[in-house]
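Listed in TrEMBL:
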TRANSMEM  7-27  transmembrane segment
TRANSMEM  47-69  transmembrane segment
TRANSMEM  81-103  transmembrane segment
TRANSMEM  115-133  transmembrane segment
TRANSMEM  140-159  transmembrane segment
TRANSMEM  165-183  transmembrane segment
TRANSMEM  192-216  transmembrane segment
TRANSMEM  236-256  transmembrane segment
Amino acid sequence: MKKQTLLAWGVAILCFVVLMIVTPAIHQSEAYHDFADQREFLGIPNTLNVVSNFLFLVIGLLGLILCFHRNYFWLRLQGEVWGWSIFFIGVAAVAIGSSYYHLKPNDARLVWDRLPMTIAFTSIMAIFIIERINEQKGTVSIILLLLAGVISILYWRFFDDLRPYALIQFVPCIAIPLMAILLPPMYTHSAYWLWAAGLYLPYLHLSLYAGFYLLAKVEEAADKPIYKWTHHIVSGHTLKHLCAAMVPVLLALMLAKRSNEAERQSLLETWKVSWTRFRGKDEVKVESYTCAYSDVPVEESP
């Protein structure tokens, strides 16, 4: 198992090095700080972009309290306690860092906006490793992933290259849904992970539901168009804050609702079983159709 772990880390590092070699540097554009809604209310610059962070503070502090108050979230493993505590600390810190940044947007303040988000991203990855792969490896990965996140921020700040930070931010968006689908869970209510990350396929129907994080990224990219479409009422970036804050809300609901999974079965297997049952019901429904015929007298030919 140790050799497999070292091999996995070696492959990951090799892929990262190759990516850094073959891809061009991604510089931080000054236009990033030019948000659509720059209105000031009650003496607060960029008011809506600042106050829309308040939900992060509420859910972060509430989640942190519930991690320890009578073990409300029923965290059985020590690694889970550390992982979720760090996650909710990061969520609460997002409110402070993002508000500080939006009061006067610039690169120096952007560091304090991105650092708490990085803490949240990396702790979530570690939590998933604890729950789906191995508790000891996941607990150790908390430190390693947090360190990688901090390094990605420092690398961007000193070398003006966003590639490591982009990996830290977007790899969990791919890895978490994949692990949620393919690996058997320790607890129930695993579908909440997909709602939060941006993908949910109930019973393998062909409908696709946009999750809050995915929706938040779309709103961030459409900041100015949304501000125009809403007739200057609210901007896409403000809506992005509100949608992104729903991710820890969903995860907190998952923690409150979930219980120990008696039969550890991946979502993929669950969907297969559900699809089989769904098809089975259709077949039964088709076979159950009956036709009633009236008796018609038959005249014999002479």
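Just so you know, glycine gets a Cβ as well, placed from its N, Cα and C.
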Which range wins on Cβ pairs under 8 Å with the transmembrane segment (81-103): 7-27, 47-69, 115-133, 140-159, 165-183?
47-69
Feature contact check the transmembrane segment (47-69) with the transmembrane segment (115-133), CB under 8 Å, 3 or more pairs:
no
May I ask for the residues of the chain that lie six or more residues beyond the transmembrane segment (236-256) and have a Cβ under 8 Å from a Cβ within it?
35-37, 48-49, 52-53, 55-56, 59-60, 62-63, 66, 72-75, 84, 87-88, 91, 98, 120, 189, 192-193, 195-197, 212-213, 215-217, 219-227
